[in-house]
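Peer 1: What follows is a structure written as structure tokens; I'll ask about it next.
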Amino acid sequence: MIKLLSGNEAFARGAWEAGVTVASAYPGTPSTEILEAVVNYKQDIYCEWAPNEKVAFEVGAAAAMAGARSIVTMKHVGLNVAADPLMTLAYLGVKGGFVAIVADDPGMHSSQNEQDTRNYAKFAKIPIFEPSSSQEAKDVIVYAMDISEKYETPVIVRSTTRVSHSRSLVECRDRREPNEVGFEKDPPRWVPVPLWARPMRVKVEERLQKLRQAASASEWNRIEMRDTKLGIIAAGITYQYVREVWPEASVLKLTFSYPFPDELIREFAAKVDNILVVEELDDLLEQHILAMGIDCLGRDFVPGIGELSPTRLAAVRAAYEEGKPAQNKFEPDTDLPGRPPVLCAGCPHRGVFYALAREKAVVTGDIGCYSLGTFKPLNALDIILCMGGGISMAHGIDKAKNPKPVVGIVGDSTFFHSGITGLLNIGYNKGNSTLIVADNRTTAMTGHQDHPGTGKTLMGEPTTEASIAEFGKACGIKRIRELNPYDLPEAMKIVKEEIAADEPSLIISKGPCVLKEKLAIGGIHEVIEENCKECGMCLKLGCPAIEGGSGKPKVNPLLCVGCNMCGQVCKFNAIVSKEDS
Amino acid sequence: MSENKTTSVVLCGVGGQGILLASEIVAQAARIAGYDVKTNEVHGMAQRGGSVIAQIRYGKEVYSPIVQEGTAAVVGALENIEALRYAQYLAPDGLVVVNSQMMVPVTVSMGVAAYPKDAQERLKAKFPNLVYFDAGKIAVELGNVKCANVVTLGAVSKALDLPDAAWKEAIEISVKPKFLALNLKAFQAGRDYK
């Protein structure tokens, strides 16, 4: 059966075909849709959202130690969170197949940094696979599971944004019978106390040698001979760009890309006159080939910053051949207004940011929708580092005796991800910062995934609804308040009071994600032109439904959900609900 | 370079306008017509009212899922200035279809940037092969402003060599049953637009 699947849907299908029975993940673009597709197989695969990637990784690892096949999925920065169990799982190994699908985001379409996950495979001394299409994404999971079981090693499958979010045709197959499960007690195998960890260390090196030969022999790495003047080495999506831009060149296509297949690289090098290495982000392969004593070109021509594309590679080709890049007939206009992502019309975070922006405080923030509060006109965030960092960084600035008060912000999903430990630190170490959880009862930015606070599992079952306030109490925070972000005077009053308080406080700002609920909060608003003095106060909300720029503002009825924040900031009663007027 | 027989389509607009659905319909139509197909789309942050681009490529064998600049057979834009923003993808003889509805970016509302007053003139001057029409108005007349994306797609389809039956089947499998009749009408209205 042939289906048009995204790379992420194909990974999920591959897991099902490979006989996977356990899947755990924390959502993160571009990896999110993998588990959202796995849940379609919930009768065969137990799947869950874990509160963070470290937990997901540990769940999957343990399932594989007991003999099951398991997958865990995350984005590149998520693997940093899971790096601790990764490095030791490489020593313990697994019994059932274990694949971590890690999606990199070259070009930072939706991420706070660019990082090349291949470094982690090298660091942990485990194999990595890089598919270049949805078909390969599906098939490679089955193959990676076999390699994982044969060599008793955890395996990484590296995706990138363009593999995860591209759709292409996939021929689907049946499901393999799942493994028998039964954990066998064997402390020297599973317990890395120094006595037993030292021999594990030796086994890791021996395994890496065997894997290097397996990579050279693998059908997943292939030499495509065409013209012998130029041979290009590429892995992952860059293979597809290379085929597009250099259709006549010979190619060494790597999918089982680490350990580097030395024998195959030597064989290819002997067949072509020149070698060009085309790799996205870091130059791991190029440096390795040079260290093998084989001459090649790469980073001198291929950019190491940002995402590659056929357009960029066409320029690389032109530079390599010392020609001139072809001129586009149509150039984009350069004076167009930017169209940055914004908090949605009616987003409850807007109210709390509006209140915060009116205080003289340093605000440490977090990733997620509310990172959009950084931009004009809200200007409400001063620092963003990583998930959960909004809370712990506030404490750092507080303890540095910063002259201005400090406020830390996280979302509800981020709070459960890794905010709780930071809050516990503040309670324990006598901090004095104000923490705000912007609680919209979902993981909004990645597309409304459930989390421990939503009362629902990924497989759709009702469950315990974790209380942020109770966690606050347990962490030793005594001042805990809720606010309604749609009530601007109340929000401003509470934020002011808590910043002034002489002890740490936790504010839970509660309002639903309007994009998820798709519910109107009130009547659609309109501007009564004779009352409008063009003072611009309503525009300071940064609401996409209020269109300004020239003359009196207008409310776009297609976008307005009737939250009435604009009505509250207008001193002249010029913005009202149509139902009231 | 050898002749590239792959057909590339670029659809663009603002997050929330239904670009991904339009992209899905093109991809399914190409698949039904018997081609290899690859698509790419924007997820995550950019969907929050940001600028969105979706790309579809079909042919005998497709390699890259993203379009090389200067090669798209057609650029379909659900908003004026988004067509100007992604102009570089268009092939020299390509068609541009623009829904004339304006979506004011928040940068303009804040007064830090200006929406070009002459957007329509620029489009007409820049693209010799342009269809410029109010797809939103047609959609409202059909009963739902939200099908402006499929109206625009109908006009885009004229630049593509995919059979009517493939389009119809693609729409059937891509939209919810209760919106099927509306979307079939919307597609035809765009296709019939002169």
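Here the Cβ of each residue, glycine as well, is placed from N, Cα and C on the backbone.
Bear in mind that the values here come from a model prediction, so they are computed numbers and not experimental data.
Pulled from TrEMBL, these are the listed features:
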type: DOMAIN; residues: A:523-544; note: domain '4Fe-4S ferredoxin-type'
type: BINDING; residues: A:C532, A:C535, A:C538, A:C570; note: [4Fe-4S] cluster 1 binding site
type: BINDING; residues: A:C543, A:C560, A:C563, A:C566; note: [4Fe-4S] cluster 2 binding site
type: DOMAIN; residues: A:551-580; note: domain '4Fe-4S ferredoxin-type'
Peer 1: Could you tell me what the rest of the chain brings near the domain '4Fe-4S ferredoxin-type' (A:523-544), counting residues at least six beyond its ends with Cβ under 8 Å?
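Peer 2: Those are 342-346, 350, 354, 375-378, 551-557, 559-562, 564-567, 569-581, in sequence order.
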Peer 1: Across all protein chains in the structure, which of the binding-site residues A:C535, A:C543, A:C560, A:C566, A:C570 has the highest Cβ count within 10 Å?
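Peer 2: Output for this query is A:C543.
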Peer 1: Hey, for the [4Fe-4S] cluster 2 site built from A:C543, A:C560, A:C563, A:C566, who else sits with CB inside 8 A of the CB center?
Peer 2: A:A345, A:G346, A:H525, A:L541, A:A545, A:I546, A:V555, A:V561, A:G562, A:N564, A:M565
Peer 1: Tell me, by DSSP, whether A:C570 ([4Fe-4S] cluster 1 binding site) is helix, strand or coil?
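Peer 2: Assignment for A:C570 ([4Fe-4S] cluster 1 binding site) reads coil.
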Peer 1: Please report the Cα separation of A:C532 ([4Fe-4S] cluster 1 binding site) and A:C566 ([4Fe-4S] cluster 2 binding site) in Å, rounded to an integer.
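Peer 2: Here the two Cα atoms lie 12 Å apart.
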Peer 1: List the Cα distance (Å, whole number) between A:C566 ([4Fe-4S] cluster 2 binding site) and A:C538 ([4Fe-4S] cluster 1 binding site).
Peer 2: 5
Peer 1: Tell me the residue counts in helix, strand and coil for the domain '4Fe-4S ferredoxin-type' (A:523-544), as DSSP assigns them.
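Peer 2: Breakdown, helix to coil: 4 helix, 3 strand, 15 coil.
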Peer 1: Applying the rule Cβ within 8 Å of the centroid of the Cβ atoms of A:C532, A:C535, A:C538, A:C570, what extra residues of the same chain belong around the [4Fe-4S] cluster 1 site?
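Peer 2: Apart from the listed residues, the neighbours are A:V527, A:K533, A:E534, A:G536, A:M537, A:P553, A:C566, A:V569, A:K571, A:F572, A:A574, A:I575.
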Peer 1: Would you mind ranking the binding-site residues A:C532, A:C538, A:C563 by how many other Cβ atoms sit within 10 Å of each Cβ and giving me the lowest?
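Peer 2: It is A:C532 that, of the binding-site residues A:C532, A:C538, A:C563, has the fewest other Cβ atoms within 10 Å.
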